[in-house]
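Student: Dropping the structure in here first, questions after.
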Amino acid sequence: MFYHNKSIFHPVTFFLIGIPGLEDFHMWISGPFCSVYLVALLGNATILLVIKVEQTLREPMFYFLAILSTIDLALSTTSVPRMLGIFWFDAHEINYGACVAQMFLIHAFTGMEAEVLLAMAFDRYVAVCAPLHYATILTSQVLVGISMCIVIRPVLLTLPMVYLIYRLPFCQAHIIAHSYCEHMGIAKLSCGNIRINGIYGLFVVSFFVLNLVLIGISYVYILRAVFRLPSHDAQLKALSTCGAHVGVICVFYIPSVFSFLTHRFGHQIPGYIHILVANLYLIIPPSLNPIIYGVRTKQIRERVLYVFTKK
């Protein structure tokens, strides 16, 4: 069914296939996805609870970690429950407006995650390269400003995607070979010119690349400062403060780069591999981030044990 809007036809609903080629295995696939989603919910909720309860965890690093956990909860919840609805209840149809809203939220929260990782890199840079000025540089006003940038820039970058989708005519095609709605997945169903959609998508990706470059530059300075320290123990201690952040960066960027490369150049790779990678990209980082910080950050590890064992 279609409705007419200023000479542009939009479908009332889209049909999300799920994982094309693996429809018969949806029920089996749902188990691991549900388990990982529950780990993401429990892990990030625990991080937020510990940071809220423990007054000693008030450093900027934990402030950014709380933001990261909030974004991870939002990102995974935006995509996984809808996906499980497809796997468990054959709830394939999604309203046109709901599909565009899901697209906006997924892209916006993904952008926010990239922004908060950049902010955390700046925090580690100041902590290692200018430790005596840490408190004077990362003041509460600066933290508020960084927090606003974390939210505002991805939202501003994602909003044009909504317009670029609404301007497109959709003649008869309404089947999306995916388990969630994303920008180019919707655009490719259009019978209009989607060149501007592709160009803008690459423009947005360039900001992810820029963030990664800036993170890399910050770690060049961090490593230079670390290797100038007089003792081996001091070097290890300084590097250990960055270990969790490096792990989270790898968890976020490696799947995203792999997903991008397989989508752009892996034309011989089966379609279900593309979709599985895209799904893992949205659920693996939110589930692993709290585990990485719980294992690698002494304060978090000790406080988690304290909060859940104290009487």
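Think of each number as a place in line: the chain as shown, counted from 1.
Yeah, the Cβs are placed from backbone N, Cα and C, and that goes for glycine too.
Straight out of Swiss-Prot:
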type	residues	note
TOPO_DOM	1-27	topological domain 'Extracellular'
CARBOHYD	Asn5	N-linked glycosylation site
TRANSMEM	28-48	transmembrane segment
TOPO_DOM	49-56	topological domain 'Cytoplasmic'
TRANSMEM	57-77	transmembrane segment
TOPO_DOM	78-101	topological domain 'Extracellular'
DISULFID	Cys99-Cys191	disulfide bond
TRANSMEM	102-122	transmembrane segment
TOPO_DOM	123-141	topological domain 'Cytoplasmic'
TRANSMEM	142-162	transmembrane segment
TOPO_DOM	163-198	topological domain 'Extracellular'
TRANSMEM	199-218	transmembrane segment
TOPO_DOM	219-238	topological domain 'Cytoplasmic'
TRANSMEM	239-259	transmembrane segment
TOPO_DOM	260-274	topological domain 'Extracellular'
TRANSMEM	275-295	transmembrane segment
TOPO_DOM	296-311	topological domain 'Cytoplasmic'
Student: Need a quick answer: max count of Cβ pairs under 8 Å to the transmembrane segment (239-259), which of 28-48, 102-122, 142-162, 275-295 is it?
Tutor: 275-295
Student: Given the model, what does the mean pLDDT over the topological domain 'Cytoplasmic' (123-141) come out as?
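Tutor: When the pLDDT values over the topological domain 'Cytoplasmic' (123-141) are averaged, the result is 94.
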Student: Report, as numbers and ranges, which residues of the same chain sit near the topological domain 'Cytoplasmic' (296-311): CB under 8 Å and 6 or more residues beyond its ends.
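Tutor: Contacts with the topological domain 'Cytoplasmic' (296-311): 46-47, 49-50, 53-54, 56-57, 62, 65, 240, 243-244, 247.
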Student: Can you find at least 3 Cβ pairs under 8 Å between the transmembrane segment (28-48) and the transmembrane segment (275-295), where each pair is 6 or more residues apart in sequence?
Tutor: yes
Student: Quick check: in three-state DSSP terms, what is Cys191 (disulfide bond)?
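Tutor: In three-state terms, Cys191 (disulfide bond) counts as coil.
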Student: May I ask which of the stretches 142-162, 199-218, 275-295 has the most CB pairs under 8 A with the transmembrane segment (102-122)?
Tutor: 142-162
Student: For Cys99 (disulfide bond), which of the three DSSP-derived states applies: helix, strand, or coil?
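Tutor: For Cys99 (disulfide bond) - judged by DSSP and reduced to three states - the answer is helix.
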Student: Taking only same-chain residues 6+ apart in sequence, whose CB is under 8 Å from that of Cys191 (disulfide bond), what do you get?
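Tutor: Those within reach of Cys191 (disulfide bond), by Cβ under 8 Å and sequence separation of 6 or more, are Pro169, Phe170, Cys171, Gln172, Ala173.
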